[in-house]
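According to Swiss-Prot:
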type	residues	note
ACT_SITE	E107	active site, proton acceptor
BINDING	T32, G33, S34, T35, D85, G86, A87, D88, K98, G99, G100, G101, K125	substrate binding site
Amino acid sequence: MTQDQLKQAVAQAAVDFILPKLDDKSIVGVGTGSTANCFIDALAKHKAAFDGAVASSQATAARLKAHGIPVYELNTVSDLEFYVDGADESDEHLNLIKGGGAALTREKIVAAVANTFICIADGSKLVPVLGAFPLPVEVIPMARSHVARQLVKLGGDPVYREGVLTDNGNIIIDVHNMSITNPVELEAQINAIVGVVTNGLFAARPADLLLLGTAEGVKTLTR
């Protein structure tokens, strides 16, 4: 199977998992990126089965609306049963690196609200130790140099992501050459740097369920 076929398979598996648990008042949290887009496309076939969605980015909101799925502001939603999103890396404990698409802050907020966080990914994203994929950090622009110096002290090699502004108007620094053996601790350390909005480690609030696309089919991992 190609990578696109694996993404479509896990997207469909996520729809199959949540659909029996949805009703006409349900609102679904939706992530950002190519795998999340596959999920949106699969979910759209069942848009009569739920009320609408909360989007983690402007791009996701536009895709949902294009399918005729109502999009709600998170502040107007009191309960979010599911959040479905992809990942750049996952370990076996379902700690994630996310943010390759620069939507990490809004993704992390929606994930924090959701009762169940379902991560969907192809098998290449499952790794023994996080960090081969550069760790994105969203930063207030005036703090870029300060944050970069602090990231060096933590052992990383920070690289400014040229030409990218987040939906929140901030910049991204990608931290290379990190072997992340304690993701919960590192997430807190980076978030404590003045000028950091958040970083792409999802370890304090990891995924609850990982649907992993492999050549043998979709595998389900839980914490």
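Using the three backbone atoms N, Cα and C, a Cβ is placed for every residue, glycine included.
Recorded features from Swiss-Prot, shown on the structure.
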residue: T32; record: substrate binding site; contacts (Cβ under 8 Å, 6+ apart): A55, S56, S57, A59, T60, D85, G101, A103, R106, E107
residue: S34; record: substrate binding site; contacts (Cβ under 8 Å, 6+ apart): K7, G86
residue: A87; record: substrate binding site; contacts (Cβ under 8 Å, 6+ apart): L96, I97, K98, C119, A121, K125, F202, A207
residue: G100; record: substrate binding site; contacts (Cβ under 8 Å, 6+ apart): G33, D88, F133, P136
- Message: For a quick check of understanding: among the binding-site residues K98, K125, which residue's Cβ has the most other Cβ atoms within 10 Å?
- Response: K98
- Message: Please give the maximum pairwise Cα distance, in Å and rounded to a whole number, for the substrate-binding set T32, G33, S34, T35, D85, G86, A87, D88, K98, G99, G100, G101, K125.
- Response: 16
- Cβ-Cβ neighbours of the residue listed as 'active site, proton acceptor' (radius 10 Å): 31
